[in-house]
Amino acid sequence: MTILSATLTEVLIPLAAIIGIAFALYQWYLVSFISVSPAAKSEDDGCAEEHLLEEADGPEKVVKCAEIQEAISLGANSFLLTEYKYLGAFLGAFAIIIFLFLGSVKNFSTSKQKCVYDTSAECAPALVTAAFTTVAFILGVLTSVLSGYLGMKIATYANARTTLEARKGVGKAFITAFRSGSVMGFLLAASGLFVLYIAINLFKIYYGTEWEGLFEAITGYGLGGSSVALFGRVGGGIYTKAADVGADLVGKVERNIPEDDPRNPAVIADNVGDNVGDIAGMGSDLFGSFAESSCAALVVASISSFGTEHDFTAMCFPLLISSMGIIVCLVTTLFATDFYEINDTKQIEPTLKRQLIISTILMTLGILLVCYLALPSYFHIYNMGSTPRGVHWGLFFCVAVGLWAGLIIGYTTEYFTSNAYSPVQDVADSCRTGAATNVIFGLALGYKSVIIPIFAIAVAIYVSYSIAVFYGVAVAALGMLSTIATGLAIDAYGPISDNAGGIAEMAGLSHSIRERTDALDAAGNTTAAIGKGFAIGSAALVSLALFGAYVSRASLSTVDVLSARVFIGLIVGAMLPYWFSAMTMKSVGKAALSMVEEVRRQFNTIPGLMEGIASPDYATCVKISTDASIREMIPPGALVMLTPLIVGILFGVQTLAGVLAGALVSGVQIAISASNTGGAWDNAKKYIEAGNSEHARSLGPKGSDAHKAAVIGDTVGDPLKDTSGPSLNILIKLMAVESLVFAPFFAAHGGLLFKI
């Protein structure tokens, strides 16, 4: 028995979610006090010194900021609505496939069937479970879409406000950007938890205490979330990098104009891309990880003693961990916005990193409390037919090892991508001899950066699996994601600050304001890389947990890599991340080619554009990015979503297990390497541009040969760090959760080629 009663559990989980949503709305409310209207007066206008504007930053510049914000918002809104329209058609068809395939497991029978694990009991008809799985899939899709869309709305709402607050000091601008990021973080974490909990309780009306069928159906929620995340990441990544590459190659390298210069035709598309790729895409990605890790843990728990003994509180242990995470992240956020004040640009990055440390320490204590209150002293976990015994303190170590492994991955990522450390400085120094040596050093850095994260993931897997087999791995993934609200706030802060700097440049604000927004952006680049590290690390644990749930659901007692059926799957699965990366990289290249040609055309044919007396045609560049990303996101998405179906149907559950294992092992390495290589090239360029040290000044200034080589490296790295790398973690998660959802169908009707 647990100390925490089932009734109190049913109150605490939705209460934590509601608190998270309320806190997000309160942060949005505080940001809304900042007006983009030049006539608006602040409540403390008496403080003349604080609100004294430089003459160059008068009311007309405020109006210009508002106009640029509106253009970015309209572009982002238009792209997402177009993307979701195509996505709706594709995923609508996929929902029908889910219902038909799962319903056909027992030939669409409406009669009760024997349970898979407890054969003495009767479970819901396969047709009913198919219907509930389809509903859960649609709920996951809608929640993921909402998470990405709301994230984009707050980011485009806050970018100009951050710019205008920079007139009062870097501290004011930081608080605005961070509060806006926390809106996205808390809305996503809380709404994901709330919808999942409501879905479980609604499904429970039919299933009662038949946990096996209920949580088998709930897996559709994770599949829906990751399906949206895949297309959001790929489509958004293609959009933003096509614009970024076009803007940099023509603007910086050929025309020698600054980044975000209003004369550059691709500059609006570039700023729109920050919101649809780094905000909406990342939001959907981490929502998918949360949903999948929760579903994997719940599936294994349902067939273990938690489920067989009808212990509702212990069953909800994964959700209680997420609930505690929301409260911990709320307290952590106050350290950045209320308890400490930033007065200097050098304090920005330490403040953001302090968020990770504070949330990890507080969450460790929170996990200990949840384990003590919500778990029985002893329990049994299902593992491929056996039920090893576990103890409640063991699960504490499982969750904690995932949590601290995430912190290690985050700090390792920072070391390899921040220009404050020697790896990136070495990459910058290699630019002395041109772009070729820059590319060589950057690739070497990316490969080397894989080592420590993989060891951290390996330790987390070994410890958690040794204690509680695949359930331990699932809750370790939840541990890494338990501070998702803080992680997303830090991650969303980056693109908001980047947009703020772009708006300052385009509006022609004074150099001192641009320096402040550049400082915010520089810290945001590093924290964005940390966010990608968390996403990839959690994806590895989530995928392994889903793999364990799939093996259990497909009734496999063992997966033998020496078997020919498994080994062919293993080697093909290891190839898939390369195929996927090739498709996404080429998609960015094709879109960037069109963008470069259009930007060149405008510079060559619009009289007075370089002189600043004529305006570029921003809309055409926005259209090129939109059309290319919508067109090019379908093939990679289809590759990921169709592979498990084809392999499962033609080759069966054993070969599919090999494919999942191969994709996991290969995909994690490539994702970490690609993301860190791109991040290092980006910050090497910024290191030269900032010129904050004697070494950096010797490589500069902007426009020098070394700087041009750094820009080329950054351009090569753009699709690696913002398209292919981040999308790979969705590939390994999505294939695993899709295989879990369709496992009953593959077990019943799969392996057609081996039956001939």
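Here the Cβ of each residue, glycine as well, is placed from N, Cα and C on the backbone.
Positions annotated as transmembrane segment by TrEMBL: 12-31 (among others). For the transmembrane segment (12-31), the list of distant contacts is 4, 154, 157-158, 161, 176, 179-180, 182-187, 189-191, 193-194, 197-198, 316, 319-320, 322-324, 326-327, 330, 333, 485: same-chain residues at least six beyond its ends, Cβ to Cβ under 8 Å.
Summarising the annotation, TrEMBL assigns transmembrane segment to 86-105 (among others). Sequence-distant contacts of the transmembrane segment (86-105) (same chain, six or more residues past either end, CB-CB distance under 8 Å): 126-127, 129-131, 133-134, 137-138, 141, 145, 220, 223-224, 227-228, 231, 630, 634, 637, 641, 645, 741-742, 744-745, 748-749.
The transmembrane segment feature in TrEMBL is assigned to 125-152 (among others). Proximity of distant same-chain residues to the transmembrane segment (125-152), defined by a Cβ-Cβ separation under 8 Å and at least 6 residues beyond the stretch ends, is recorded for 76-77, 80, 84, 87, 91, 94-95, 98-103, 105-106, 108-113, 183-184, 187-188, 191-192, 195, 199, 203, 206, 213-214, 216-229, 232, 275-276, 279-284, 287-288, 291, 492, 741, 744.
For the transmembrane segment (173-200), same-chain residues at least 6 beyond its ends with a Cβ under 8 Å from one of its own Cβ atoms are 13-14, 16-21, 23-25, 27-28, 30-31, 34, 135-136, 139, 143, 146-147, 150-151, 154-155, 157-158, 161-163, 165-166, 214, 218, 221, 225, 279, 283, 286-287, 290-291, 294, 298, 319, 322-323, 325-326, 329-330, 333, 336-337, 342, 348, 351-352, 484-493, 496-497, 500, 516-517, 520, 524. The transmembrane segment annotation in TrEMBL covers 173-200 (among others).
Sequence-distant neighbours of the transmembrane segment (312-335) (same chain, 6+ residues past either end, Cβ-Cβ under 8 Å): 2, 4-6, 9-10, 12-13, 15-17, 19-20, 23, 178, 182, 185-186, 189-190, 193, 196-197, 211, 290, 293-294, 297-298, 301-302, 306, 354-355, 358-359, 362-363, 366-367, 369-370, 374-376, 379, 395, 399, 474-475, 478-479, 481-486, 489. Annotated transmembrane segment per TrEMBL: 312-335 (among others), in sequence order.
Tertiary proximity for the transmembrane segment (356-379) is limited to same-chain residues at least six positions away from its ends with a CB under 8 Å from its CB atoms, namely 1-4, 9, 304-306, 311, 313-314, 316-317, 320-321, 324-325, 327-329, 331-332, 335, 389-393, 395-396, 399-400, 403-404, 406-407, 410-411, 479, 482-483, 486-487, 490, 530. For 356-379 (among others), the entry in TrEMBL reads transmembrane segment.
Feature annotation from TrEMBL assigns transmembrane segment to 391-411 (among others).
Here TrEMBL flags 439-463 (among others) as transmembrane segment. If one looks beyond the transmembrane segment (439-463) by at least 6 residues along the same chain, the residues whose Cβ comes under 8 Å of a Cβ in the stretch are 397-398, 401-402, 405, 408-409, 412-413, 416-417, 423-424, 426-427, 430, 472-473, 476, 480, 533, 536-537, 540-541, 544, 668-669, 672-674, 676-678, 680-681, 684, 712-713, 716-717, 720.
Remote same-chain residues near the transmembrane segment (469-490) are listed as 20, 178, 181-182, 184-186, 188-190, 282-283, 286, 289-290, 293-294, 296-297, 300-301, 304, 317-318, 321-322, 324-326, 328-330, 332-333, 352, 355-356, 359-360, 363, 366-367, 381-383, 388, 394-395, 398-403, 405-406, 460-461, 463, 527, 530-531, 534, 537-538, 541-542, 544-545, 547-549, 551-552 (criterion: CB distance under 8 Å, separation of at least six residues from the stretch ends). Among the features that TrEMBL reports, transmembrane segment is placed at 469-490 (among others).
According to TrEMBL, the feature transmembrane segment maps to 533-550 (among others).
Using a Cβ-Cβ cut-off under 8 Å and counting only residues 6 or more beyond its ends in the same chain, the transmembrane segment (562-580) has close neighbours at 636, 639-640, 643, 647, 651-652, 654-667, 670-671, 724, 727-728, 731-732, 735, 754. What TrEMBL records for 562-580 (among others) is transmembrane segment.
The transmembrane segment feature in TrEMBL is assigned to 639-672 (among others).
When Cβ-Cβ distances below 8 Å are used as the criterion, the transmembrane segment (391-411) is approached by residues 317, 321, 353, 356-357, 360, 363-364, 367-368, 371-372, 375-379, 452-453, 456-457, 459-460, 463-464, 467-468, 472-473, 475-483, 530, 533-534, 536-538, 541 of the same chain, each at least six residues removed from its ends.
Within its own chain, the transmembrane segment (533-550) has Cβ neighbours under 8 Å at 219, 222, 282, 285-286, 289, 292-293, 295-297, 299-300, 383, 402, 405-406, 409-410, 412-413, 453, 456-457, 460-461, 464, 469-471, 473-474, 476-477, 480-481, 487, 657, 660-661, 664, 668, 671-672, 675-676, 725-726, 728-730, 732-733, 736-737, 739-740, 743, counting only residues six or more beyond its boundaries.
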